[in-house]
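> Following this message is one structure expressed as structure tokens.
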Amino acid sequence: MTPPPPSADQQEPTPRVADTPRTSVGVLGARGRMGTEVVKAVTAAEDLELVAMIDSGDWLFDVANAGAQVVVDFTRPDVVMDNIRFCVDHDIHCVVGTTGFDAERLATVAAWLEAKPDVGVVIAPNFGIGALLLMKFAQEAARFFPSTEIVELHHPNKVDAPSGTAVRTARLVAEARRAAGLPPSPDATLDALPGARGADVEGVAVHAVRLTGLVAHQEVLMGAPGETLTLRHDSYDRASFMPGVLLAVRQIGSRPGLTVGIETFLGL
Ligand SMILES: NC(=O)C1=CN([C@@H]2O[C@H](COP(=O)(O)OP(=O)(O)OC[C@H]3O[C@@H](n4cnc5c(N)ncnc54)[C@H](O)[C@@H]3O)[C@@H](O)[C@H]2O)C=CC1
Ligand SMILES: O=C(O)C1=N[C@H](C(=O)O)C[C@H](O)C1
């Protein structure tokens, strides 16, 4: 026989959103193109609370005073290291989208974190799901093609070139090419104007276009005798980065140490 349903005073109360502790978030670069979008996304998320918005000229101590548990940084390559140092020293987890990270910078952040075993920092050249998939597909395909070149295309206000995403894609492609024992991409150029063949990132040519009307776009071109494969991703709106940013904000508290890219958060 089915037992009778519990009476009203025996039932577990349904937890209300207001009862669930929210993660407090500070945004660095809050008045910038990405920061503005992050502020909107955090404000709209019921499980997150925006406690600090910092832009240049504001006092970084405000994020600590406001009790931020996680800081999101979309600032500039020349200031981001100081921001991370401050947050790690103050036991604040960091979600970093700012570009400009090479192996030396990553090693420096990892060294800071050794003294703070509970703090997590994720540094991601791109939070867009499509862009991450493009990188993965390029890495997978690279071993089949003698030639690979990358073209990244961005809005003209971008301060760095090539993009962090293009540099990471080139490194992943280069690693796959090395693992497959491929020689350098064939190129008979003897004479070229400076820059005509792009930047050389571990043997992969990367070309940067800056054009009014664009947001963030990337093509990976691969060639073999008689065929080419072109992989392309387009971010038409900075909203495209927000699901990845929010995922990282929600997960970083349980991911101590340094994580590069959000691929593992997505199971990629
Ligand atoms: N990982 C990703 O998915 C993405 C990364 N980015 C990267 O994010 C960075 C920012 O890009 P945008 O928002 O387009 O640039 P932006 O120039 O629009 O914004 C940067 C903001 O940071 C502020 N700022 C500068 N120094 C600061 C400091 N010391 N403390 C606090 N704020 C400071 C500036 O005043 C500005 O408002 C760039 O490195 C860009 O490449 C951009 C889009 C996506
Ligand atoms: O500055 C941008 O806009 C972007 N920066 C990141 C990069 O350099 O890869 C990510 C995306 O391309 C947009």
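Keep in mind that glycine also has a Cβ here, set from the backbone N, Cα and C atoms.
TrEMBL lists these features:
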REGION    1-24  region 'Disordered'
DOMAIN    24-127  domain 'Dihydrodipicolinate reductase N-terminal'
BINDING   G29, A30, R31, G32, R33, M34, D62, G97, T98, T99, A124, P125, N126, F127  NAD(+) binding site
DOMAIN    130-265  domain 'Dihydrodipicolinate reductase C-terminal'
ACT_SITE  H154  active site, proton donor/acceptor
BINDING   H155, G164, T165  (S)-2,3,4,5-tetrahydrodipicolinate binding site
ACT_SITE  K158  active site, proton donor
> Just the number: how many Å between the Cα atoms of R33 (NAD(+) binding site) and H155 ((S)-2,3,4,5-tetrahydrodipicolinate binding site)?
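Cα-Cα distance, R33 (NAD(+) binding site) to H155 ((S)-2,3,4,5-tetrahydrodipicolinate binding site): 11 Å.
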> Look up G29 (NAD(+) binding site) in the DSSP assignment and report helix, strand or coil.
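Assignment for G29 (NAD(+) binding site) reads coil.
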> Between the Cα atoms of A124 (NAD(+) binding site) and H154 (active site, proton donor/acceptor), what distance do you get, rounded to the nearest Å?
18
> Listed recorded positions are H154, H155, G164; which of them have CA atoms within 10 A of the CA of T98 (NAD(+) binding site)?
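G164, listed in sequence order.
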> Non-local Cβ contacts of G164 ((S)-2,3,4,5-tetrahydrodipicolinate binding site) (under 8 Å, 6 or more apart, same chain)?
T99, G100, F101, P125, N126
> Treating G and I as helix alongside H, and B as strand alongside E, what does DSSP give for the domain 'Dihydrodipicolinate reductase N-terminal' (24-127) in helix, strand and coil?
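For that range the per-state counts are 39 helix, 24 strand, 41 coil.
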> With Cβ-Cβ distance below 8 Å and at least 6 positions apart along the chain, what are the contacts of R31 (NAD(+) binding site)? List them in sequence order.
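Listed in sequence order: M53, D55.
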> So, by DSSP, how many helix, strand and coil residues make up the domain 'Dihydrodipicolinate reductase C-terminal' (130-265)?
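DSSP composition of the domain 'Dihydrodipicolinate reductase C-terminal' (130-265): 50 helix, 40 strand, 46 coil.
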> How many Å separate the Cα atoms of the residue listed as 'active site, proton donor/acceptor' and G29 (NAD(+) binding site)?
19
> What is the separation, in Å, between the Cα atoms of H155 ((S)-2,3,4,5-tetrahydrodipicolinate binding site) and G29 (NAD(+) binding site)?
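Distance between the two Cα atoms comes out at 18 Å.
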> Distance between D62 (NAD(+) binding site) and the residue listed as 'active site, proton donor' at the Cα atoms, whole Å?
27
> Long-range same-chain neighbours of K158 (active site, proton donor), Cβ under 8 Å, sequence gap at least 6?
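Within the chain, K158 (active site, proton donor) has Cβ neighbours under 8 Å at R210.
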